[in-house]
Amino acid sequence: MPQIFRPGANAYARIVLVCLVTVPVISILVVYVVMGSSFVTGQNVFVDQSPPFSHQHHVGALGIGCKMCHVSVEKSAFAGLPTTHVCMTCHSQIWTNAPMLAPVRASMAEDKPLKWRRVNNLPDYVFFDHSAHVKNGVGCSSCHGAVDTMPLMEQAKPLTMSWCLSCHEAPEKMLRPEDQIYNLHWSPPKDQEEKGKALIAHYAIDPKHLIDCSVCHR
Amino acid sequence: MTARSGRGYTALTESVADPVLSAPAGRSWWLLFSAGLVLTCVFFGSIFWLFYEGIGIFGNNTSVVWAYPIANYVWWIGIGNAGTLISCMLLLTRQKWRSSINRFAEAMTLFAAAIAGIFPILHLGRPLYFYWLVPYPNTMDLWPQWKSPLVWDFFAIASYLIFSLLFWYVGALPDFATFRDRSRSRAGQLIYGALALGWRGSVRHWAAYETFYKTMAALGVPLVVSVHSVVGMDFAAGNMPGWQETIFPPYFVVGAMFSGFAMVVVLAAIVRRFLRTEELVTRHHFEAMAKILLAGSIVMGLSYGTEAFQSWYAGDDVDRTVVAFQYTGTYAWLMWMQIACNVAIPQLLWLPAARRSIPVLLVIAVLINVGMYLERILIIINTLSRGHLPSMWSSYAPTLWDWLLLAGSLGFFLLLFACFLRLAPAISMHEMRKLVFEGGRE
């Protein structure tokens with residue numbers, strides 16, 4: 001009887017055996033890396049806006065504070081976006097004919113709000129509350145980065161659940177004193193461990209319950 | 001008990017291999033296959049409708065939150081228990097009569113466990129996230145809840161399934177080599193040749209094989225016990241009257257072996273008929289299995305009695321309410337039917353004539369499988385209908401989709417088994433040859 005397989009078949013058999021183990025492991029790792037990459041999370045991607053509003057110019061160069069435009073950040077879940085009237089507070093006086101600002105003037109004339117594109121988007125099943133964070137020692141830049149250096153807005157952090165949990169599991173690492181909340185260049189001091197514990201007491205945070213499902217999901 | 005030595009090796013090999021490699025399928029096989037195919041379409045059609053429409057198509061309600069899908073799961077995994085039991089325990093205890101039934105019993109295990117594994121996914125509200133039970137690296141920091149028996153369950157089924165597949169495959173390896181050598185078509189030679197992994201039947205092959213196979217068998221015995229114990233713990237770890245009992249793990253293991261053996265009897269009758277291997281699967285085999293069924297039915301009776309006694313003896317009001325409900329409540333007629341099928345009717349097997357009559361045994365085996373299904377569904381709906389809160393007391397009735405999924409899963413099993421009969425060595429030729437050799441020497 002002639003041979004059914006050529007000698008090379010042995011090599012194929014060995015490759016298949018190795019693949020049976022390695023392919024599942026490698027594919028899981030590849031999927032993990034892809035799911036955490038900016039390709040999926042949208043991190044560090046500039047989002048085009050009309051008009052092309054620059055935080056770098058308004059916050060960094062002119063020194064306008066966060067709450068000037070995001071008025072409800074301390075009071076509600078939504079930080080709020082400025083009405084056209086807020087823009088026009090200044091732009092009815094300066095750059096009144098700048099072509100770049102045509103959409104703002106159109107919005108004013110037609111009484112239709114500006115259409116901004118969302119940069120930091122959480123899924124609908126996450127009930128994020130700005131006021132709960134800002135009033136309890138979490139500063140703007142912890143999630144949004146140093147917006148005063150961004151010519152156009154980008155998502156500074158991955159916004160994955162494990163990223164949220166990194167702080168919810170150990171809030172003392174990121175808590176700030178009340179006067180540092182709007183400091184866009186705050187970084188943890190050397191004695192953050194101790195200060196953080198004091199701040200947990202100051203804000204009356206119960207860290208035990210910060211990673212309960214219902215804190216963010218209902 | 002063995003194949004008659006006079007038949008010789010060639011005759012034995014021919015009687016197993018020829019129906020697969022050369023003989024046409026025959027009308028009865030096509031009937032079996034078509035019935036399986038139609039019901040398989042029903043199965044996957046129902047699954048599609050379930051995924052499209054959601055679990056509202058089941059009869060489950062806010063009190064009876066578990067019902068047919070979980071009962072189907074427990075029933076199928078129970079049937080999947082006997083194959084490995086026959087292969088491992090009977091191999092290690094040198095019960096030689098196992099050789100003619102172990103291969104298709106293992107295939108039964110494999111198919112039943114695979115079907116069982118589908119149902120926990122089907123009962124999920126959001127089945128697409130079933131893989132959250134697996135500990136894998138993810139960007140949600142999600143990790144299984146190790147305190148939950150459902151996670152133990154996932155690992156028990158997964159390891160059992162992988163083990164059954166490997167054990168079945170390793171057991172069939174020398175037989176695939178026989179198929180390779182006897183196959184006349186190029187495709188057959190290639191496929192069976194690849195499956196045989198270069199088996200040449202040398203002494204070194206056999207020495208390594210025997211050691212490996214026996215070691216696997218020794219590993220399989222604790223798995224047989226663990227897989228169904230964990231299924232029992234799904235219930236026993238819950239805080240519900242009628243579930244929270246320490247008897248559950250062993251009671252589930254025995255129940256599984258009982259229903260599994262009953263299914264082996266049914267399949268043995270089918271294999272005998274389709275492969276015309278009356279000389280290999282003899283009345284002696286049926287008698288041996290009948291004795292195991294009888295022993296199983298006695299243990300089941302004892303378990304039912306112990307359960308009722310314990311709840312009375314413990315004196316807990318809620319527990320007593322559930323037991324009273326079991327025997328006198330809404331589903332009492334099903335409970336008595338279950339006792340008739342699982343305990344009373346199998347007592348006929350005390351009579352040697354009943355053990356040796358294949359039709360009688362077949363009827364009893366089917367009734368046992370019905371009885372064991374009733375047991376699984378009643379464990380669920382009795383407890384959930386009479387829980388701790390009287391305001392939540394309820395009753396349950398299955399819907400058309402519940403029935404279609406159950407019937408469909410049976411059909412899918414039939415289809416897989418029909419394919420197995422036409423594609424793989426349904427009886428372990430190399431182990432039967434050993435018996436012929438030993439028979440010739442005596």
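Glycine too: its Cβ is placed from the backbone N, Cα and C atoms.
What TrEMBL records for B:29-52, B:72-92, B:104-134, B:154-176, B:212-231, B:251-271, B:292-313, B:333-351, B:358-381, B:401-424 is transmembrane segment.
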Other same-chain positions with a Cβ less than 8 Å from the transmembrane segment (B:104-134) and lying at least 6 residues past its termini are 47, 50-51, 54-55, 66, 69-70, 72-77, 79-84, 86-87, 142, 144, 150-151, 153-154, 157-158, 160-161, 164-165, 167-168, 171, 260, 263-264, 267-268, 271, 405, 409, 412-413, 416-417, 420-421, 424, 426-427
Before we move on, state whether the transmembrane segment (B:72-92) and the transmembrane segment (B:251-271) share at least 3 Cβ pairs under 8 Å, counting only pairs 6 or more apart in sequence. yes
Close approaches to the transmembrane segment (B:29-52) from elsewhere in its chain (Cβ under 8 angstroms; 6 or more beyond its ends): 118, 122, 127, 270, 274, 401, 404-405, 407-419, 421-422
If you count every Cβ pair below 8 Å, which range out of B:212-231, B:251-271, B:358-381 shares the most with the transmembrane segment (B:292-313)? B:251-271
